[in-house]
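Structure record follows, encoded as structure tokens.
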């Protein structure tokens, strides 16, 4: 958006600068006091907070800015804000740690000194290079072959590189505090995604700690001190079980020891990080030095083969069946392992007898050409013997492969996807730099540069090691996971120079350090999520020691880490944490893609080398790798994340972080609205879209809360609901009341579980405000088609003389707008959402065709728990010329096509004379109408005249006459089918009553002669309907009836409709009038 600036020279700035300096000190002190008292609500760290106080303290005495004096009451001078603007950090809302420490750190801000190399590059190297490189990479190369291993490493490195590009764009669009990827995702995709993926990332980090601890124990018990094992191998074939038990015991001890170290001295862990990193770097240098040495002086690591089978040299020293000494042939310890005695004629294993024992170099060197033999994969089943390809061998019986023979066996079944899951944890740790953004001198530059360089370096190391391992080491040694063929040495250590112990010791300290780092970082991540308050059940883990250390989170982390320790297999734990890390990286890519595609104004990363297609490819690659590693682990991880997402959504995460999902929802809503605008909905898609008109009292509280209860029962969260109300006055004067009314209505909507929108309109008069709502509520195709309102109970009162007029005009406007109108009478007696009807009926009196609206309402109501057990009954009225039996059959067939279950009844209303009660009611109606037309009278005069008319009518009516007329209007028995005989019988039966009726007519009062006969007929119909409805539906839980419309002539007696409606439902509690001329459904609905 273009902005124009006007620069005006200001003189005499010397004195003002002195006053500026003094005032800044006062402002800083005032700001400290202001920040010390807060309501605890998360807010954005913005220089514009408390700007009103700041503006009042600025220099208004001068006349240079007199033009902006009015604005200065709310907006401060730019000159007083420049210092804060220069030091402004756009930390997003919800960074509780920053907000809590903001007060104490404001006065003494230490400038960050860490650059790209120390702050980002080295931490990423330390987290990426680790246990998999030293313990499993050689085995992966030997099993998958150089080509497939290259593909595995390339896919994983490409995944992390694309994620790093997306992460760099997000990280340079703002400041990423402690929590790293959690804050990136939550502030980009919202609290639901942030909480779900944040907890998954926490679980991944915790299981990573377990994996590093298991790697530490494997190095200790296998390569450093095998004699330290607690569980010894008693019988052949129990090596694996004994090793797992040792891992569990030692792992539990080490995880407790590490937890104590983290609890007591976490600062020492951070200081030792560089030592651990130095061990990793020295080990890698030793590997490259050993590779170079093999070119001219390969190390001497002979391996023993029986035929093409690799032998474990733990049980013998000489690779031969027998030796020659002093012209005497002696058998070797190897002979005793395959034969039953040391004699040359002993019975030996068949394969041992048929094949020769040979010895080859395990590390022939980079110039030996062994690379061509290691190009292809050699996957095997669990328990298979490691065999050398192209080695001559004579096959024996299958039994010869079994038993306690000194072969090198595979401990697990191997295949491509399993190796991907084991390898992927070796490329994690790319978030280490972004987690330290607060300590960087220039985070916007260091995070992208350091992270991408670290990934490039480690990718080169991994890819080059694959080629070098395949070119220097024999294939059977590569597939020997625990180095049994080379006297129990670490396989990668046999290649290192100057000694294998460089790799052993370096990898031991490396895995120890990585485990400590995981147990240090995971609790802080959980504490950050807990302090955000989006997952209620983990809020206890946000507390800690007085210095902020996450004690409770550390205990939970140790407990979860112990689960990984009890699994006891590094190969089984690695795919679990791969799932959680891949899910985290997937959502980092999704966050970047969403923000880029939405093009929100706030999306301005300093890192420019990104594109949404790269993020999309990275997201797709992460998802593919999840299912490649383990489809069932992937489903479990997604299920866990989905449950956490729905839980946060259900509990209502009241956080507004300007996330991309909200922007995506707005774009989707805009697209959907444009699609809906194309045409009216089909009848099969029709449902009531409600505009609920509420009345508010003087305190801006809702007068009839049950109207919202009925709305939630009718809608059940489906479709559109707009809750509207009108405040009388001018908006400039009623602004505060409007906000208060909106808050009250929204609060009541939350209590009544009414899902919808609130719209408060301020209008000079109530009538126009209702009209505005009916005309303009909604947006595009999402507009209401039904208006729900309460019956105006006070329409007869003199002080509310306009309520009946407003109601009649509302009826007319909804009809003109082709909208349905629902009017609930006695709404305060309707059931709440907590009530349950165990029995009862919903009665529909279908008198005129309304497009099916009356049929639809009971169906929708019975979807709710309140009305679910109520039965539906439909009544229709037959006239003298109608065939009621055929009408009933037709109505039943109509309901059958509509797929509705309802009891059908046709009520026949016979003709009789108009009673005196009807005339009295009509007279009262017309007299009051005449009174209200005399608008020139004062209020007191109108009230006095209304009272005189009421007293006159009361004195002229006698109670016995009224009761007799009502009894005459209600028949004793309703005939279902009219025949000539029944009509004659009914006529003679009512002969006496007719005679008395004629007498009443002949003795009519003079006032009756001048009545409007149309009004008399209307009232007569209302009285008769009241009798029939009272007879059939007096005990119904709800009665629905077509509402008669007002006179088309607006100059006529408009209030007669209210009198008639009051007369219809006399002595009946819950009922609804429906006025609809729209088609709700057809036979295919």
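Any Cβ shown, glycine's included, is placed from N, Cα and C.
Note that TrEMBL annotation is computational and uncurated.
As the structure is a computational prediction, the values presented were derived from the model and not from experiment.
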TrEMBL annotation (transmembrane segment) - matching range among 344-370, 371-397, 452-478: 452-478
Stretch carrying transmembrane segment according to TrEMBL (options 307-327, 412-432, 517-537, 643-663): 412-432
Candidate ranges 77-100, 149-172, 221-244, 677-700 [criterion: TrEMBL lists as transmembrane segment]: 149-172
Stretch contact, the transmembrane segment (610-634) with the transmembrane segment (412-432), Cβ-Cβ under 8 Å, 3+ pairs: yes
Candidate ranges 149-172, 249-266, 273-292, 412-432, 498-516 - greatest C-beta contact count to the transmembrane segment (114-137) (under 8 angstroms): 412-432
Result, the transmembrane segment (498-516) in contact with the transmembrane segment (149-172) (3+ CB pairs under 8 Å): no
Top partner of the transmembrane segment (249-266) among 273-292, 452-478, 498-516, 552-570, 576-598 - counted as Cβ pairs under 8 Å: 552-570
Within the predicted model, mean pLDDT of the domain 'Amino acid permease/ SLC12A' (120-294): 86
Range from 452-478, 552-570, 576-598 with the greatest count of C-beta pairs under 8 A to the transmembrane segment (273-292): 452-478
